[in-house]
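Working notes, structure below.
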Amino acid sequence: MEGGCGSQWKAAGLLFCVMVFASAERPVFTNHFLVELHKDGEEEARQVAAEHGFGVRKLPFAEGLYHFYHNGLAKAKRRRSLHHKRQLERDPRIKMALQQEGFDRKKRGYRDINEIDINMNDPLFTKQWYLFNTGQADGTPGLDLNVAEAWELGYTGKGVTIGIMDDGIDYLHPDLAYNYNSDASYDFSSNDPYPYPRYTDDWFNSHGTRCAGEVSAAASNNICGVGVAYNSKVAGIRMLDQPFMTDIIEASSISHMPQLIDIYSASWGPTDNGKTVDGPRELTLQAMADGVNKGRGGKGSIYVWASGDGGSYDDCNCDGYASSMWTISINSAINDGRTALYDESCSSTLASTFSNGRKRNPEAGVATTDLYGNCTLRHSGTSAAAPEAAGVFALALEANVDLTWRDMQHLTVLTSKRNQLHDEVHQWRRNGVGLEFNHLFGYGVLDAGAMVKMAKDWKTVPERFHCVGGSVQNPEKIPPTGKLVLTLQTNACEGKENFVRYLEHVQAVITVNATRRGDLNINMTSPMGTKSILLSRRPRDDDSKVGFDKWPFMTTHTWGEDARGTWTLELGFVGSAPQKGLLKEWTLMLHGTQSAPYIDQVVRDYQSKLAMSKKQELEEELDEAVERSLQSILRKN
């Protein structure tokens, strides 16, 4: 079972980890309340809510917890509604009533690079270079998602539903209507089953409709373009369009219809301003954990997240959604393989797809559906990248409905390719087991053809275990110049039930303060020599009070490695002015399997990463068997 990390929070009999946030800003209170009843039951909850003038929804991921909302209250204000809170607390049937605080969540659609209106009279399929790159808009031929191979094999996303968690979907759009799944859709901003975008003169709420078209736009209907998984179904989950986000709305959206929705696509997150450190709150963490444990009949909901649009001034490891083990974080490249100007780099990004963010050529953007039956060529940002990945994953799920959420991450690592991607800052490197990765692009660009072929024969990976590899609790000063270097020796819980031999995710849970948080640089090196940049410089972050409080920095760069040995943590400052800092805690969290995940997989391509990894696993198994035999002989003698 998956749990969180950080401080613990108990609800509905389950123990979860909570990311701790602190802010100097005054809180904003919303018209949403988290309510727990002494006697559980939806009829009881409806009666209690009605008596107090509230609407009500049951939270699907927790027993006895309900979402009460009051349309007569202001959606956002600086003071608590003490009258309504006390009214609820005085009711003997109510055990707890907590008014929800509001916080910012931003869509990850980069500003338009070119505002020229494009004539949309003709279908846009030939302009969808991310599907078939023949060199359109001065792109690099062949640099695409390789969907052609998947389609030729007969995989188009049939039987798979993707939920777009966003500002709504124009489900009346002729290119989306046929594939729209109304049963799996809901509007959490207005509390009704019709997630249609709210009208604005500037079409601000076109974000979700554009993302939906990338995934599920119908094929061969002479309208706009074609979705990556054009026979998949798309569900609209409207949840972004209100003055402030709340934990209860995020949690409800992430846990909506987990037996109907297979993949959740999120192109939003905390503000990408280069100085925010934020992530999911208690209820949302619980909903995510519930999703990967129970969604899709126990195979786990698949959460796809845009890595962020903060550019070189930000680091996506400061985003608790993109850096979560339970999400697949996706970055973007432009059509010639270069990085987009808005791309954030971090060690938690798993792979990349495509968007625009450098070129002014009007056809270099992502072609997709737009509001009110229109089409656009101007979709961009990592907002465009995440839905493309969701579409590729839908093709893989059609090829093998038994894939778990972890299987999808393994397939992503094994089938993504460097192709012709080019990062001007970070070199491509190989980790301790030979897997090639990049600090910005992850393990490379998704390859739909390779993924569906491997998915067809895929055997579910072994059980996952969690090990606290060790902890440094003594405060250590970070010098103004040079680095603080700490080491941890771990056996990865060998000899115990939770022994982790083959790594998936690694977290460094860190508490640290600095006179200027943005100048802090943190690196961690594994026993097999793989260096992960956990935190890079963020020049706009001038925080000197909050720091990081039990923040789980995550890396995927040590995937497949042996965790046993010495881990090294390096902390220092990068900047023109001298700074001071204090590391209060470093806890090493190891997540992975005891048995080799690829040793029983079918290899079709003997040049593939799977073939290389399986060969290495077989050699390691043989070496360990020989070692055990020698030790047995020595003991007998």
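Glycine is no exception: its Cβ is also placed from the backbone N, Cα and C atoms.
Of the listed cysteines (CYS5, CYS17, CYS211, CYS224), only CYS224 is recorded by Swiss-Prot as the disulfide partner of CYS375. Each residue contributes its Cα atom, and for HIS207 (active site, charge relay system) and SER383 (active site, charge relay system) those atoms are 8 Å apart. Checking the recorded positions (CYS316, CYS346, ASN374, SER383, ASN523) against ASN513 (N-linked glycosylation site) with a 10 Å Cα-Cα cut-off leaves nothing. Checked against ASN523 (N-linked glycosylation site), the recorded positions CYS224, ASN374, CYS375, CYS493 differ in C-alpha distance, with CYS493 being the nearest. Taking only the Cα positions, the spacing between CYS224 (disulfide bond) and ASN374 (N-linked glycosylation site) is 8 angstrom. The Cβ neighbour count for CYS375 (disulfide bond), using a 10 Å radius and every protein chain shown, is 23. For ASP166 (active site, charge relay system), the nearest neighbour among the listed recorded positions (CYS346, CYS375, SER383, CYS467), judged by C-alpha distance, is SER383.
Comparing the Cα of CYS346 (disulfide bond) with the Cα of every entry in CYS375, SER383, CYS493, these being the recorded positions, the smallest distance points to SER383. Sparsest Cβ environment among the recorded positions ASN374, SER383, ASN513, ASN523 (other Cβ atoms counted within 10 Å): ASN374.
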